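All remarks here apply to the structure that follows.
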């Protein structure tokens, strides 16, 4: 398997599948929110100056905001 | 009539409080959970000869808490002896996040509690072309499922009827993993919880507050012995549940049309735009600010007049004496001092509720997080900080939603630096006295200084937050994982109920302390043992026979204040405040305004024998001619004026804020650290300013 990207490497409008996590010690809320392996998400917006990112899980109207530091923990494979 | 205790549980943003408000109507009240400060909402209603006691638990995504609010859910549901422990749980979910809600539901059933399941916002789902196979969902969850649209009231009656339902025959969806079976068994044997899942929860929670110290240390011992990382257990459980639910719920949602509303996307294009998002946010802040000042004005004047009238007429009707004074100047004035804040608090919470109800508040968090993080704060601190510009009391209360202990504590500790509206009367009088009415680059100089005072407040808040960030340690990593729901039209009823709750919370919580302090201050200001106090009238009459009756009365009042306990205290602290450029009369003002800053102005009116006037012009004229007996110069010159401004900008001159901080932090230690830090900082700043400028 090649080196994985994290949500941080996604560009605006790109869609990807979650494949895993960078570390074990990540907030339980990430799991509870449904950011789980296999989930397809799209990066919708980025707050300026390295602010939080705003992602959409497929088929869910609500968005989820993550800080870059959390986004870096979630590993993805881009779908193209 | 039988009575049943019900708990309402659900993820945030599913419309749970709308369901609660629809069920209970006005028969609800807000309170606190014992020992901690998370707000508790309870209510009751009767349906078919059964009385239901309903408790609205804080929103949570699962049974494993990541904030104080969420910890309540775990404690109330797991601890059978908890006074709020329910007989039936109503889990509220929404169609778009069925899996998340079902996860919480299963955890609750596995604790051993009967529960029914509500899918709310069903209208929104229909508009999006989603339909739900209720039969299938009922089979998966083995309980009654009710579809509601709480905003319109649809399904609420079916929900009331469903409360009679007795769920049974539930099979756990999560089985304790083999690798942890032995250790869970060990917990079960030692602590005798009701079932395996609760044993597992004891093992996987950071702490279980309802267990005593022995039990807690037994759990830590077991964890240590078996090298168990509780966090990993939580993750294990959540992932296992998700994958089971993926299978179970596969055909429950029918989603043929895939029509999605794009109003939210279009609004977000503007509201969280990298530039326009901030422009809109700051414009909104300005609007709130203006509203708090201008809209509340007439109400505050009316309240002020009403209480002045009340005090005057009570004073006339009662015989002269200490009882009369206690009632008019102590109690009525004290209650007036509480009620006067109601318009501002209510207006602020109208805006905050509208922002929360509509979904905009989570966008504010998203926009501000980047800018507040370097100071050890989170995006969620933006709300308390901006509310602090009106009044620190509701602001400190609104810090509850911050998950991270450290960020929440820092937010509470620095919020009182923000320029609240009670500082304004002092600023206006002092600026009017010591800043010349000139123009500076075409701008009004006095206005500029006032603006500067606001900036100073923000800098002090952020600066001390940064210092606290360096000093404080935390076990928790700070994070921001925030759901931004679709925009919704606010439910007026929810807004009004929320404003009512918050206002009553202020009156009952902080109000008691404000009242107590104003009575104490009245006692200190009205009694004394000095001869010049007890025989004030004779002494003034002999010393100044030329005075008219009214002038005599004012002079007597002034001398009595001077030789009362309060005046004695003012002179006692004079050596400490002389380096700041103040005399003992200002000392009296400082002490009495410890109750609330705005008291300074009315106290100075009494000290300068102006009688009971609150008229700023009269007071200002009198203050302008006052000579400081120590220096022989005007008491309010440029140096002492600036020093006074700085003192009031930084000092914790507000008993109510101290009371609310104590309540919210549940710690005298932090309350006293904050008091000492703020007042010490204020003293140093005022000292330096006076010594440099004099």
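Cβ atoms here come from the backbone N, Cα and C positions, even for glycine.
Keep in mind that what you see is a predicted model, and the values were worked out from it rather than measured.
Of the candidate ranges B:220-246, B:247-273, B:301-327, B:409-435, TrEMBL annotates residues B:409-435 with the feature transmembrane segment.
As annotated in TrEMBL, transmembrane segment covers the listed stretch B:503-524 rather than the other ranges in B:481-502, B:503-524, B:525-546, B:547-568. Of the given residue ranges B:375-397, B:582-604, B:605-627, TrEMBL assigns the label transmembrane segment to B:375-397. You'll find the Cα of residue B:10 (GTP 1 binding site) roughly 6 Å from the Cα of residue B:59 (GTP 3 binding site). Put simply, B:59 is the one of the binding-site residues B:21, B:56, B:57, B:58, B:59 whose Cα lies nearest to the Cα of residue B:12 (GTP 1 binding site). Classification of residue B:56 (GTP 3 binding site) by DSSP places it within a strand. Between the transmembrane segment (B:447-468) and the transmembrane segment (B:409-435) there are 3 or more Cβ pairs closer than 8 Å, counting only residues 6 or more apart in sequence, so the two stretches are in contact. By number of Cβ pairs under 8 Å, the transmembrane segment (B:672-693) is matched best by B:409-435 from the list B:331-355, B:375-397, B:409-435, B:503-524. Applying an 8 A CB threshold to same-chain residues 6+ apart, the list for residue B:25 (Mg(2+) binding site) reads B:43, B:45. The DSSP secondary structure for residue B:21 (Mg(2+) binding site) is helix.
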